[in-house]
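**Q** The structure's right below; bear with me while I get my questions together.
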Amino acid sequence: MRTAFYISDGTAITAEVFGHALLSLFPVSFNHNTIPFVETEEQAHKVLQQISESFQDTGERPLVFYTIVNVDVRKIISKSVGINYNFLDQFVAPLEKVLGVPSKPEKHRTHSIHETTYDIRIEAVNYALANDDGSNLKDYDEADIILTGVSRSGKTPTSLYLALQYGIKAANYPFTEEDMGDMLKLPPTLRRYKHKLFGLTIAADRLHQIRSERRANSKYASIQQCRMELREVENLYRKEKIPFLNSTKYSIEEISAKILAETGLKRRKY
């Protein structure tokens, strides 16, 4: 199996994002190897050795995605036996021409602790943790969005991703079996914040699978219970005109992006 390397003199997040985005277009499996903080020539030569060993082991030239500011380190990596993709060289020079301004690369700037949005994102993460699963209703005034849905429909990971990636304060509220009764109704606590609500739903068989991993052979995980709860929440969404999304086939990243697109919430990442 071919190996893909993601290399940087910073966190390597940018190299990973670009590289994964490109590789996801192809129905091919890869071994992934991320190497951050390659800041010296000595470290760069060690990375070259890893790339060479991968080539020797697999017989296939590795794919090498890298974003390296240090010119000397970058030159060393560019000599690897792999197929090299230097994102900075490919994109910076054309941008300099268009903008009429030379770039001023700085290590760690992209994902630095010094970026102005760092405190905003950390505050949003703390908010998401404090307002998980309807645990702190008194803070809903601060929420940018309140995700609702049945247990295990993706509310918590989506809330945390929105916070960490975009600085959005996302609370989440679960609808449980006790809420169902004869017919699920919007709780008075939520009605006041109806304009902030966004619903998540999921296919019953997928919910059954997820819950069974947590509590096998329980009523909570039974397909009948899953179908009943999902039917009730989807009826509520339609009745109350709450926008909602079926999360079954989407990653957390995709769910979050779709929520932002539908609600118009502004990212606080940059």
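A Cβ is built for glycine as well, from the same backbone N, Cα and C atoms used for every other residue.
These figures come from a predicted structure and were not determined experimentally.
Below are the features I grabbed from Swiss-Prot:
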| type | residues | note |
| --- | --- | --- |
| BINDING | Gly149, Val150, Ser151, Arg152, Ser153, Gly154, Lys155, Thr156 | ADP binding site |
**Q** Taking every protein chain in this structure into account, which of the binding-site residues Gly149, Gly154 has the most other Cβ atoms within 10 Å of its Cβ?
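**A** By the 10 Å Cβ neighbour count, Gly149 comes out on top.
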**Q** Would you mind ranking the binding-site residues Arg152, Lys155 by how many other Cβ atoms sit within 10 Å of each Cβ and giving me the lowest?
**A** Arg152
**Q** Using the Cβ centroid of Gly149, Val150, Ser151, Arg152, Ser153, Gly154, Lys155, Thr156 as the reference point for the ADP site, which residues of the same chain not in that list have Cβ within 8 Å?
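**A** Output for this site, in sequence order: Asn172, Pro174, Leu200, Ile202.
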**Q** Please list residues from the chain of Ser151 (ADP binding site) whose Cβ is under 8 angstroms from its Cβ, counting only those at least six apart in sequence.
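**A** Spatial neighbours, sequence-distant, of Ser151 (ADP binding site): Pro174, Thr176, Arg211, Tyr220.
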